[in-house]
Every structure is written in C-alpha cells, then in structure tokens.
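The structure under discussion appears below in the form of structure tokens.
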Amino acid sequence: MENTIGTPTLWCSFGVFLIIIIIIEMSIQKIFVYKESAFKIALYSSCISMLTAILFDVLIWIYIKFTVNSYLANINFLTFISGYLLEQSLSMDNVAMWFFLFQLFSISMVHQRVILFYGTFLALVFRSSIIFFGVWLLSKWSFLFYVLSIILLFTGIITILSNGVNKKTDVQNTFIMSWIYKKFRITKNFSKNNFFTKENGVIVATPLFLVLILIELNDIIFSIDSIPAIFLITKDPFIIITSSFFSIIGLRSIYVILANSIQKFYIIKYGITLILIFISIKILLKEFVDIPIMLSSFFIVCILVACFIIEKFFFQVKSKN
C-alpha cells in the first residue's frame with residue numbers, strides 16, 4: 001500500500017472544511033424545500049460544493065509543495081480531482097435510485113430532506129468503514145445484490161406499464177411490502193418527520209425509516225463498485241476518503257436538480273426507469289457478464305442526455321404546432 005499524505009495538519013484541515021461544507025449544504029437544503037426556485041438553489045449548492053472541494057485540493061497542493069516537493073504536490077492534486085470526478089460520475093445510478101424509492105413510497109419533498117439529511121451522515125460512516133476495512137467485509141451480504149436488482153426490475157417494468165414514474169406505483173399493498181410491514185413492525189402511516197411512532201402502545205417504525213434503510217443499503221451495495229474503482233487511481237486512504245466525502249455531500253444537490261428536472265420533463269421519467277432496469281439487469285448478470293463501470297456510467301449519461309434532447313427538440317416543437 002502507498003504511503004499516505006494524510007498528516008495531522010491535513011486531517012484537521014479536512015475536518016474544518018467538512019464542517020463548513022455540511023453547514024452550508026444543510027442551510028441551503030433547508031431553504032430549497034420552501035422555495036419555488038429549488039432547481040436554481042440546488043445549482044448554487046452544487047457549485048459551492050464543487051468549489052469547496054477544489055479549494056481543499058489547492059490547500060493539499062500548497063501544503064505538499066512547501067513540505068515535500070512540487071512533483072508530489074502536482075500528482076496528489078490531480079489524483080484528488082480524478083477521485084472526486086470519478087465518484088460523482090459513478091453516483092448517477094445511486095441518485096436515480098433515491099428518486100425511484102421516494103416515488104415508490106410517495107415521500108414528500110419535506111420528508112425527502114429529512115431522509116437525505118441523516119442518510120448523508122450514515123453514508124459517510126459506511127463509506128469510511130468500507131475504505132478502512134475493505135470491500136471483502138461485504139462479501140457475506142452479496143445476496144442483497146440480487147434482492148435489490150429483482151425489486152428494481154419488477155418495479156421498473158410496472159412503472160413503464162403504468163405510464164411512467166409520475167404515476168404512483170402502489171407498492172404499499174404488494175405481498176412483499178405487506179410481509180415486511182408485518183414482520184418488522186412498520187406502519188404505513190407517517191408521523192411528521194419521525195422515524196418511529198407509537199400505535200396501540202407499541203413502538204413501530206414509519207415508512208421514513210424503511211426508506212432510509214433502503215437508501216443506505218443501496219449506497220453500500222453500489223459503493224462496492226465505486227470504491228474499488230477509486231482504488232485503481234490511488235491507494236492513499238486520505239485521498240480516497242476526502243474525495244469520496246466531498247462527492248457524497250454534493251450528491252444531495254445533484255438529486256434535487258435531477259428530481260426537479262424529472263418533474264418538468266416528460267421523456268426523462270422513462271429514461272430514469274430504463275436506467276434502473278439496466279442497473280438491475282447488470283447486477284443480476286454480474287457473475288456472467290462483466291460490464292465495466294465506466295461503460296455503465298457512460299450509458300447512464302447518454303440516456304439522460306438523449307432524453308433531454310428528445311424533450312427539447314421534439315416534444316416542444318410538437319406542442320407549438
């Protein structure tokens with residue numbers, strides 16, 4: 001394993017940057033829920049997150065340049081940027097999954113903010129644990145790949161047949177969900193922003209808790225693909241953790257941008273569903289067909305771009321005529 005550049009000074013600096021960006025993110029995300037310009041605010045938030053990551057990378061470059069040499073500073077500067085951009089690109093399917101889960105369980109925008117608030121911190125904990133202890137710890141949970149992919153494939157097909165993700169798919173009354181609600185004492189009723197509530201004197205979990213667990217499982221499962229990809233760039237835990245953390249925090253804003261775009265456009269709803277079906281098939285065939293991570297990310301980006309182009313140049317022209 002390579003020697004790490006993570007000195008106490010850099011780790012402390014990272015902690016300060018992390019606290020600052022979390023405060024900024026939480027403040028902005030609290031505003032967007034109650035504003036009509038959610039899309040624009042999310043764009044600002046995404047830009048701030050990216051600029052903060054770049055500023056931190058510049059700090060790394062300056063520190064290494066004056067404590068070691070310019071060559072090592074340049075190498076680590078480019079490595080951090082590469083890891084950050086790679087994590088962002090590989091998280092597209094993760095963000096799409098968030099939207100799909102929120103739609104399936106009819107989670108309001110206010111409740112989405114609560115779930116993503118706690119989900120972000122849990123994702124940071126899980127991600128750092130995976131990096132430190134290795135992906136092999138998740139090998140005994142490999143069955144989750146297939147459970148999640150079957151659910152994705154099933155709900156994706158139903159969504160297409162029911163005319164897009166904008167139409168609510170009644171997952172609450174399916175056999176699988178009814179069994180989960182009964183087995184794990186989960187109520188179908190929301191209780192403000194609470195993850196747990198009391199019914200008939202018994203403490204039960206709310207749908208918010210169920211969706212939070214599903215989102216965290218989703219993040220753990222997809223991180224098995226993304227983290228090894230970052231290890232191909234560098235094995236320095238400091239670079240891996242810092243670039244991953246900055247990327248994860250910025251995903252909330254990316255989700256808001258995606259969610260608002262889907263609400264405004266018609267075709268992209270089918271594009272997201274197609275992406276989720278592709279992800280499920282990719283997971284199911286993982287043992288037989290090895291689809292490269294970058295190829296998968298390229299496919300997802302192409303689908304989204306194609307949907308926007310079709311929406312802009314076909315449906316808008318058609319509506320004018």
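The backbone N, Cα and C atoms fix where each Cβ goes, and this holds for glycine too.
Positions annotated as transmembrane segment by Swiss-Prot, on the basis of sequence analysis: 10-28, 41-63, 94-111, 116-138, 143-165, 200-222, 237-259, 266-283, 293-315.
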Top partner of the transmembrane segment (94-111) among 10-28, 41-63, 200-222, 237-259 - counted as Cβ pairs under 8 Å: 200-222
Under 8 Å between C-beta atoms and at least six residues away from its ends: which parts of the chain pack against the transmembrane segment (10-28)? 41, 44-45, 48-49, 52, 55-56, 59-60, 63, 117, 238, 242, 245-246, 249-250, 252-253
